[in-house]
Amino acid sequence: MSEHHSDTRDDLDESKFVTFEGSPFQLYQPYPPSGDQPTAIATLVEGVEDGLSFQTLLGVTGSGKTYTMANTIARLGRPAIVFAPNKTLAAQLYAEFREFFPRNAVEYFVSYYDYYQPEAYVPQRDLFIEKDSSINEHIEQMRLSATKSLMERRDVVIVATVSAIYGIGNPSEYHQMILTLRTGDKIGQREVIARLIAMQYTRNEQDFQRGTFRVRGDTIDIFPAEHAEMAVRVELFDDEVDTLHLFDPLTGRVRQKIPRFTVYPSSHYVTPRETVMRAVETIKDELRERLEFFHRDGKLVEAQRLEQRTRFDLEMLQELGFCKGIENYSRHFSGAAPGEPPPTLVDYLPPDALMLLDESHVLIGQLNGMYNGDRARKENLVDYGFRLPSALDNRPLKFPEFERKMRQVVFVSATPADYEQRVSGQTAEQVVRPTGLVDPQIEVRPASTQVDDVLSEITERVKANERVLITVLTKRMAEQLTEFLADHGVKVRYLHSDIDTVERVEIIRDLRLGTFDVLVGINLLREGLDIPEVSLVAILDADKEGFLRAERSLIQTIGRAARNVNGKALLYADRITDSMRRAIDETERRRAKQIAYNEKMGITPRGVVKRIKDIIDGVYNADEARAELKEAQQRAKFEDMSEKQIAKEIKRLEKQMADYAKNLEFEKAAQTRDQLALLRERVFGANVGDHVSGGE
């Protein structure tokens, strides 16, 4: 069990855990399902049990779709994989599922590259670009933890991005390489070391870190690749495993004695020695054929280039069992025929697993597009002798291949696209929100006076301490509008595509805190913009047909005001297009259904009160009060500190902030930054950023 979810938290209310017959999941239910949730859950569970391959959960923003997914998974008791369209959304889902399943294996499988430049060749300029990348250690560990959980247990929920349809090592070979140690096993020190090296662990006596081991006499310490804060000590006596202990690699303190331990390979690309030798032979055969082809065509430069590069890789494979760019030879290792799909994370899933595609209208497009882009780049590398043709088989899955590997699927979206509507056996509607909030009122106004009209609407909203989102069609329009509003005294920011994830999170946070009141953007469909304080969404030039003014985009954008009791959407247009008509009709239909439900149940809509720290919706946190109390105590503590102590505390917070950022916990990082600002203000009388300017 990997330690990032084995911490069964003590502060959870035992009575809130729910279990279902025959299911290994323990669902933490802070509140019972309400609104449309119970029917949606029952429909989906029944559909899966009846053997439906595809179903859709049509859930509006703020209706608690994640909660419905968690309930469905818990009731079915099968391993599940939840796909998200990007890392930010995946991180959000991962955090939510960990809240719902604190005692089960919730895993995270996204691309481990912080930065990635694939190798490529530009023939026009004779320019070869080497592969260059920086791997995020922490995410690599979580990926290894995900495949390990799938092999060991059934109560697994994996949150993944499209990264899951890219090739990784073959599951059966990965399985063959596992080393299980039990007390009393007959195994010598040299054999343990040989097995570890075959699994791509490195021996390192000085720097003991993930994926390394160290030897002291008959004691071997192993730092498993899928763990972040736990290592295992194997003590041998007379070629037999005497004892096994788990210990803290940082302090060396022994945690517990254990009867057995399974060491998993340190990479998904490990292969048994005989497979490597077999691959070396088939690579040589392919190289010979390819060189003959180049010589026949008189392409001598390409032939020489290919031979030099491949021979070097072959030597590395024979000596070490792996080489740089080993994934380009994956077909030779798996023994697959040319053109066959590569093994991916999907192959590690058991046959009865459940697949949930969140924001499926975006995901299906992504899954469709991955293969073509990859293919175009690799064909150049092959044609010009940088790679063997078999490199073309190290690729993401084509969509039809992914379809063949799909298990039972639930598409989740507020606006399902044509594909989902075509293949779904049934659709579960989740239109009613547990909070009683209804979809915003829609008004269409003339586009000719849109800018002045928006300004007067903003003034009203600012008085009521509410926020406004405005979506326009072009960068130029966005810049001009931002400038115009700023000149009229409106606190406004412009959100454009060049802003990175961390800064986006900060801008959204500042909007919620009221640092500014209006956010102008072009594409407001991106994640994280479900902001309860927003009571008005203005769509300028709503009648210009195009991707951002299509029916689905309009419904999604209008939905951005659905978390506020006074939510309203203004569409500025001189004529009503078909897309507008359909979007307005659908929103009105949902609104009518919601109002009818509220009247029947006697519910008064209440706004969502979200702590500013959460981008994560729908999870009520009992530690809210505790956090506020702690903050007040912190402030009091700072008052009593000497300057030296404060300097120390600043150092500590800076490190903490960097750690949070490294672990992709941008929200916490931003919070720590606010604490730092508080402290610096105490010392310097003003928050001077990161440096102190020389005063007198």
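Just so it is clear, glycine is given a Cβ too, placed from its N, Cα and C backbone atoms.
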Item to check | Which range of 112-135, 160-183, 664-687 is motif 'Beta-hairpin', per Swiss-Prot | outcome: 112-135
Next on the checklist: Let's check the environment of GLY59 (ATP binding site): how many other CB atoms sit within 10 Å of its CB?
Outcome noted: 25
Item to check | Three-state secondary structure, which DSSP defines for GLY59 (ATP binding site) | outcome: strand
Checklist entry - How many neighbouring Cβ atoms, not counting its own, are there within 10 Å of the Cβ of GLY62 (ATP binding site)? => result 20
Checklist entry - Tell me, what is the mean pLDDT of the motif 'Beta-hairpin' (112-135)? => result 70
Item to check | Residue among the binding-site residues THR61, SER63, THR66 whose Cβ has the most other Cβ atoms within 10 Å | outcome: SER63
Checklist entry - Using DSSP and three states only, what is THR66 (ATP binding site)? => result helix
